[in-house]
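Each remark here refers to the structure printed beneath this line.
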Amino acid sequence: MTLFDGIYPFYTQQRKSFVFDVSTIIVVIIFLTLASTFLLIIPGIRGRARLYWMVRVLFSLMVGAVIVVVQFTGDWESGWVTANTSYKSFSHAMVNVDIGLHIGLAGVNITLVGNPVNQVNETINYNEHFAWSFDADYDHSYSGGLEKGLPSPILYVAEKFTTHSPCNVHRQYRISSHYTSASLWVAFCTWLISNMLFSTPVIVYGGYMILVTGAFMIFALLSFSTVRNSLVCPIQFGTTSLQIGYGGSFWLTLAVGLICFVAGITVVALHYFNSHLLKTFFDLREDKAEDYQEMTEVYVNLRFMNSTLSPPQPSELTLHDIRK
């Protein structure tokens, strides 16, 4: 197959990448812009506070970026297999291909790459996305693939996730992905609240909220892991089988969730055992001293004080009465 004006024949649009898509790139650009903006203004911060500010801001942006980005990635579960299989239906032509299965929260991506790429007078390099979000119809996407005449390995793998498949994994993946996504959005909200609380004098509440953020991220992973409770559906290509395991997005979410736990526990522990160091790290020690200095600085009206402290002078009427 060859390109025609940047589009593959028989396809109405470019096919989606199994890891990065437009939404992921937009989110990454937004957070990189925020980080770049902060790096431009950080030279104006004096002393060690510059390092403290950089650590806090970059850590916070990293957590927020991961929470949002993994919503759109397609490698929560992934697997590859190399096999000799038929290429098209009603054809005896055999091809040697790498078949990849990549599962995300919004759907499944199936890749097919030839070894070599050019075989049977065609370029074998496919990447097809089948969505199962609540606003999408997976069976309709699968029927569209049949109408396009996709290669048999892609259709075979995609058929395993249809609603009428004997594997019966469509409903489990769809519901678990929905709850995973919802938990991550709640984690994003608690992340925003923690940033606001870290800007207040009561820093420990920010530590509690970053603990809640980590808890919701772990809960999201547990929600996605429930698909492991269902029966494993075999995906066989001759004598070889396609095995899938947790992908990069799953492990990245786990790592950031654990980091949030460590950061939250550290903030709470320092609040109770070394609040001076905690206030220094959050640059609140100097602000508190300035506030105390401003509150102790008193302006006195000297004329009013002199008039109230001097003894009262007797009036002329009083002296006249005394002489009498």
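In case you wondered, yes, glycine gets a Cβ from its N, Cα and C as well.
Listed in TrEMBL:
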- 18-41: transmembrane segment (TRANSMEM)
- 53-72: transmembrane segment (TRANSMEM)
- 179-198: transmembrane segment (TRANSMEM)
- 205-224: transmembrane segment (TRANSMEM)
- 250-273: transmembrane segment (TRANSMEM)
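Listed stretches 53-72, 179-198, 205-224, 250-273 were compared with the transmembrane segment (18-41); the greatest number of C-beta pairs under 8 angstroms is found for 53-72. The highest tally of CB pairs under 8 A with the transmembrane segment (250-273), across 53-72, 179-198, 205-224, is held by 205-224.
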